[in-house]
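Listed in TrEMBL:
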- 2-368: domain 'DUF112' (DOMAIN)
- 35-62: transmembrane segment (TRANSMEM)
- 74-90: transmembrane segment (TRANSMEM)
- 97-115: transmembrane segment (TRANSMEM)
- 127-147: transmembrane segment (TRANSMEM)
- 245-271: transmembrane segment (TRANSMEM)
- 283-307: transmembrane segment (TRANSMEM)
- 319-335: transmembrane segment (TRANSMEM)
- 394-413: transmembrane segment (TRANSMEM)
Amino acid sequence: AGDIPATFLRIPGTPASGAAVLDGYQMTRKGRGSVAIALDLTCSVIGGLLGVLILVTISPILAEFALKFTHFEYFWLAVLGLSMSAVISRGSKIKGIISMIAGILLSTIGIDIATGYPRFTFGSPELMGGIGFIPVMIGLFGVSEVFRSVLSKESLHSAAIAEKITVSFRTIGKILIKNIRLIVQSSIIGTLIGALPGAGADIAAWVAYGTAKKTSKQADDFGTGIEEGVIAPTSANNAALGGTWIPALVFGIPGDTVTAIVLGAMLMYGLKPGPLIFHGNRFFINQIFSIAFISQFFLLILGFLGIKAYTTIFKFQKNIVLVAILIFSVIGSYALRNSLFDVTLMLIFGILGFFMEKTEIPLPPLILGLILGTMIEENLRIGLVKSDGSFWPFFSRPISLFFFCVLVFVFLYEPLKKLLRLVVRRQS
């Protein structure tokens, strides 16, 4: 559901929807909003089904793998996710790094996890809990787009107003078949990251997007409104939700807030999560799997029925749509904590986002820095405490070393690729 306003209005409903904004909204501006949301729906369903299928078949194995993750592995996972900011940034890499550093600095606002003292709160009690992701994303993407539209003379989504409301299933089918490898790749990434407690769909969506761009033949077109940029994050997003059930059912470790609530309900009815739950309560487990499968098809049916309703927004006048976007932005920011401070925060980041786009400073790295900055700091500091200040465990453990090697590969891939091409040209 968070991808719908992200695609049509450039307002991410969830942190994971931030990745869907990049190409989904650009497709809408090109008059392909219906195709974008149809791809979003179908890839979400396929990703969800693959995630549940993996849950049914190899959940105990994945759960054992997830338990091997300590603060050292989580640190490298977060750094690897943050490295995607260098991949997804369009234009100047220096500006992308500046944006990422700004996001990391913003993530340090709040209570220090080690000392308990407030940092950079300037005496404001509202900043004690840190800066919320949702007001920042709504401001950077949604409100900044309102400012841009008000100052521009073009009609709102002029190309999209004339688009056909209906979506050809044949067209969507051809796109899916063409990108089947990417769907499977992103779904596997989503499930694996979702199986790690505390990682979540937001990290999965961004990592899948960055991986898709890294492995695509159209890497330079990402962010301009291409189908691959919609397929990758949406497949991973929903697949990660299936992955969160793996540690929840096998070890009683909730992967997100939803599974935490369900675990509480299970305990109320005398169902104790653990390795034996698959043997003693097979009927109950099969019900969970069945509901997970059926819900995906309901998502597909209701989503396609709603496409016509979603696209009617383009029939309204520009000023009405802009006011509606602002109203929804204010409601979404206020509803988070029932705080006008979050609304103010949204407006500040709306202005910041407008000027960042004017100066061609990319927005996604800032979002990634804000989301992953806290995770990096917490796991680094706790890891150093556990190792008595030694960095050696960050490199000596097998999974940590693997993530570090992947990180090195991400940064050296492009230079080595260019060097190889240069050598081949000289030899020829």
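Using N, Cα and C of the backbone, Cβ positions are placed for all residues, glycine too.
The largest share of C-beta pairs under 8 angstroms with the transmembrane segment (127-147) comes from 319-335, of the ranges 35-62, 283-307, 319-335. Same-chain neighbours of the transmembrane segment (394-413): 68-70, 72-73, 75-77, 79-80, 83, 86-87, 214, 383, 387, counting only residues six or more beyond its ends whose CB sits under 8 Å from a CB of the stretch. When averaged over the domain 'DUF112' (2-368), pLDDT in the model lands at 79.
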